[in-house]
């Protein structure tokens, strides 16, 4: 019975060590809704950008049409995450990777929605990790039948942690294109433009580390367990 109690205590200490290490954690997460279509006025201006905090969400809604709209009148997009150069030139071929595909304009369940969580760490080898104080870029391009190339692009700035203090709440806050909320924090001159690459090799370097004091307690409890 004593072994079970010690194992339970050991598990609780380990759980505290791991889950107390996320400096970007917060109680309330904001969700930013972006309607990805050419009729969105914020895309038409060419300067669409949002400011987010770690653990916020980006919800991308694809174009959706009634069944009566012909296929050749619908919009379809492939969305890419790119670096700053790819964003400026609206070119994903040199340094970018495919993120989502809006390919079901007549979906019976409504518009396709894709969500991005701006998290510091991801358990997936091809997932993307975000850093406070850096900019990230999304683009899409479509070539209509008339050959005219169109480009929609979005810039996302992840705010520094000290500017993301949240009050306690029950529900996520949702912002969409019609909200009259101006971004109060513009990127500083020294803002880092993040490279558009998944976090394959960075996971090992960025994995949360257990503090030395808690590690000592953990080893002490393990030693006690082994002597029983």
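Just so you know, glycine gets a Cβ as well, placed from its N, Cα and C.
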Students should find that the region 'Disordered' stretch in Swiss-Prot, chosen from 186-205, 206-225, is 186-205
Taking just the CA atoms, what is the gap between residue 37 (N-linked glycosylation site) and residue 102 (disulfide bond) in Å? 10
In this structure, the one of the glycosylation sites 37, 162 whose CB has the fewest other CB atoms within 10 Å is 162
Using the alpha carbons only, what distance in Å do you get between residue 102 (disulfide bond) and residue 151 (disulfide bond) once rounded? 14
So for residue 62 (disulfide bond), how many other CB atoms are inside 10 Å of its CB? 23
Rounded to the nearest angstrom, how far is the Cα of residue 90 (disulfide bond) from the Cα of residue 62 (disulfide bond)? 19
